[in-house]
Amino acid sequence: MTDFQFSKVEDAIEAIRQGKIILVTDDEDRENEGDFICAAEFATPENINFMATYGKGLICTPISTEIAKKLNFHPMVAVNQDNHETAFTVSVDHIDTGTGISAFERSITAMKIVDDNAKATDFRRPGHMFPLIAKEGGVLVRNGHTEATVDLARLAGLKHAGLCCEIMADDGTMMTMPDLQKFAVEHNMPFITIQQLQEYRRKHDSLVKQISVVKMPTKYGEFMAHSFVEVISGKEHVALVKGDLTDGEQVLARIHSECLTGDAFGSQRCDCGQQFAAAMTQIEQEGRGVILYLRQEGRGIGLINKLRAYELQDKGMDTVEANVALGFKEDEREYYIGAQMFQQLGVKSIRLLTNNPAKIEGLKEQGLNIVAREPIIVEPNKNDIDYLKVKQIKMGHMFNF
């Protein structure tokens, strides 16, 4: 269906809140499947029968870690060999059920799982409902239907559990696009992607918190160092702030990705150390600005992998080819954490110090107002000139040489 448009995440959340079933699909390079999803609090016989009739797949009950611990739901196997490490627990039936398989009895089991008074001894093992334990951090950690189900229930203000069921076509194969789209239209059912849900959470969830603020005298001048910690990963970042940000408008700013080799060792394989020095100098001269120092070593692949990439470059690859050879994208960085740090600092609009167009787009996608790009001007050397040319040619970096 060429004219099909996915639903808004807000509409999907509202449908979940109202007890309706929605359709969610994952990435093409993952399972590439659509699942029915609803909240466990609305695991009615009607909803379960609909999933069994039209979905035909296994009806599961994604739950949070807290619920799994409370009810003593243990992993189904000691060593998980599932292709996507889906966290099945031992299957269960509620003790008030008979065989446990009918839509009515599966409804009882699912709803009792989210009963505030439920306890481990209320369930027989094995059974006909299949709890799945969602990863802490949800779809931002694992892009699966398990995590999408629990995230959607949480965002709807409901208990952190739900139902999901894969959708098969009439011939027994898994239903894919455009048949999933056609089904959603025919049944007036909200249809979203896990990628949409990830993007929604990056914009709306509070994913970083400020820990401390201290004076930081540097060789460039005196700054205030604001420390931040990511809520999900525990990764630590720093914002170096100069001057008064009260109005938050047109702040001279830079997002600088950590580069131990360039920033601390003075490596000439890259221009990172020079860019950091240039940005600090410009902000000091302006008397007002922010540098976010993010823990994104090696364009997000980490220090050891960056050094492995250097090893491949010494054998003839360029910086992009080396990253790809190691199984990474040319640039693994995300900018939603940086955008949230700017927001917590009261920054409303920025003049961004960067030569990287992807950084501009990444911040704009998070709703940050970039009123101007300020180039970072550094002189190439004999050791990094080829690296800089590759970034210019293959990654679109805006250099003037």
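The count begins at 1 with the first shown residue.
Placement of Cβ uses the backbone N, Cα and C atoms for every residue, glycine included.
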The GTP site in Swiss-Prot lists Arg254, Ile255, His256, Ser257, Glu258, Glu297, Gly298, Arg299, Thr319, Thr354, Lys359. Which one of Gln210, Gln274, Gln275, Gln392 belongs there according to the record?
Gln275
Argmin Cα dist to Arg254 (GTP binding site) over the recorded positions Asp35, Glu166, Cys270, Cys272, Arg333 returns Cys272
Of the recorded positions Glu258, Glu297, Arg299, Arg333, which one has its Cα closest to the Cα of Asn143 (D-ribulose 5-phosphate binding site)?
Arg333
Work out how many Å separate Cys272 (Zn(2+) binding site) and Asp331 (active site, proton acceptor) at their Cα atoms, rounded off.
15
For Cys259 (Zn(2+) binding site), which of the recorded positions His128, Glu166, Arg299, Asp331, Arg333 has the nearest Cα in space?
Arg299
List which of the recorded positions His256, Glu258, Arg299, Asp331, Thr354 have their Cα within 10 Å of the Cα of Asp35 (D-ribulose 5-phosphate binding site), in sequence order.
none
Over all pairs within Arg254, Ile255, His256, Ser257, Glu258, Gln275, Glu297, Gly298, Arg299, Thr319, Thr354, Lys359, the annotated GTP binders, what is the largest Cα to Cα distance, rounded to whole Å?
23
